[in-house]
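The next block holds one structure in the form of structure tokens; read it before the comments.
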Amino acid sequence: MEQVVIVDAIRTPMGRSKGGAFRNVRAEDLSAHLMRSLLARNPALEAAALDDIYWGCVQQTLEQGFNIARNAALLAEVPHSVPAVTVNRLCGSSMQALHDAARMIMTGDAQACLVGGVEHMGHVPMSHGVDFHPGLSRNVAKAAGMMGLTAEMLARMHGISREMQDAFAARSHARAWAATQSAAFKNEIIPTGGHDADGVLKQFNYDEVIRPETTVEALATLRPAFDPVNGTVTAGTSSALSDGAAAMLVMSESRAHELGLKPRARVRSMAVVGCDPSIMGYGPVPASKLALKKAGLSASDIGVFEMNEAFAAQILPCIKDLGLMEQIDEKINLNGGAIALGHPLGCSGARISTTLLNLMERKDVQFGLATMCIGLGQGIATVFERV
């Protein structure tokens with residue numbers, strides 16, 4: 001079986017969905033920009049030699065509809081002979097795109113693929129056109145389709161207080177801002193055209209979603225967003241709404257060496273699981289455990305983790321049940337997470353994996369794990385190994 005390697009990984013800055021940098025930039029353009037950039041950064045690989053493009057996107061309608069992967073590839077002037085498919089596993093879409101490409105390479109059906117994902121939540125809101133089947137209520141609580149209420153449920157089940165959530169959210173912003181100030185994101189962010197507050201076209205090379213002024217005291221003043229009477233989850237402890245894209249160049253190790261390209265990491269194992277939709281945010285726990293089992297590793301073998309911060313109330317129970325509460329500041333989301341950077345649904349899996357690869361290199365660790373919860377009760381995880 002072929003070894004699957006990540007040759008390169010990049011992303012756009014994360015733009016605010018409400019009147020942000022990419023308010024006049026379409027999702028296809030964000031995607032095409034990264035496709036062109038990956039190919040330009042790795043000229044040894046001819047675009048025509050790509051076997052496929054796998055691109056995650058959740059709301060596949062309006063500008064994100066009709067197979068955005070193919071639309072973006074055409075905009076990027078990728079040769080018409082290269083196919084492209086849009087992947088949807090909700091929040092885990094672009095990580096699923098990576099898994100799909102990896103399996104093609106493992107079986108010998110592909111040698112080189114572009115993978116990634118995008119979501120423009122300013123142009124195509126998360127709830128646009130959603131119409132749940134009324135019969136679902138026979139098997140699943142109606143509230144299971146409301147992500148904020150599933151986070152409230154997890155917080156109550158695991159004893160996660162409002163104070164713990166506020167502290168974690170403040171940490172996310174502080175760490176993301178520190179990473180920005182220290183240029184820790186420089187190797188992953190590709191400058192991307194957008195418009196400033198005055199409408200002037202400019203190149204953005206930083207995440208505009210981060211709020212460096214965030215404090216625990218300020219967060220404590222916010223009202224509950226989903227359960228106004230008994231709730232603890234606020235807008236400040238939820239992932240921000242943002243627009244962005246991320247992309248990776250994935251190859252067989254043999255093809256990468258043949259072309260003189262240096263792999264950054266191997267895909268050591270992959271896992272996806274289902275869980276109770278009412279606690280959808282718990283999915284990273286069984287997914288991570290399964291991925292670790294497949295890799296023959298334990299949580300203690302992992303040097304750094306990237307865990308998508310859908311909600312502070314959601315990630316803290318996952319950290320607790322993976323036995324990592326005492327290692328948060330040494331191993332988990334060291335450059336902040338989605339609470340500060342936002343969670344553009346189809347982008348986030350590739351985004352956290354890209355950040356993870358850079359952290360693995362900076363911290364000089366052998367193994368890293370990226371994991372995410374998924375709406376309606378799933379979890380997905382990937383273990384990476386430095387080459």
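Any Cβ shown, glycine's included, is placed from N, Cα and C.
Look at Swiss-Prot and you will find Cys91 tagged as active site, acyl-thioester intermediate, backed by sequence analysis. Taking a C-beta cut-off of under 8 Å and a sequence gap of six or more, Cys91 (active site, acyl-thioester intermediate) has these contacts in its own chain: Val58, Asn308, Ala310, His343, Leu345, Ser348, Gly349, Met372, Cys373, Ile374, Gly375. In three-state terms derived from DSSP, Cys91 (active site, acyl-thioester intermediate) belongs to an extended strand segment.
Cβ contacts within 10 Å of His343 (active site, proton acceptor), excluding its own Cβ and spanning all protein chains shown: 28. Per Swiss-Prot, the feature active site, proton acceptor maps to His343 (among others).
The local packing around Cys373 (active site, proton acceptor), expressed as other Cβ atoms within 10 Å of its Cβ over all shown chains, amounts to 32. Residues or ranges marked as active site, proton acceptor by Swiss-Prot on the basis of sequence analysis: Cys373 (among others).
DSSP gives His343 (active site, proton acceptor) a coil state; it is part of no helix or strand.
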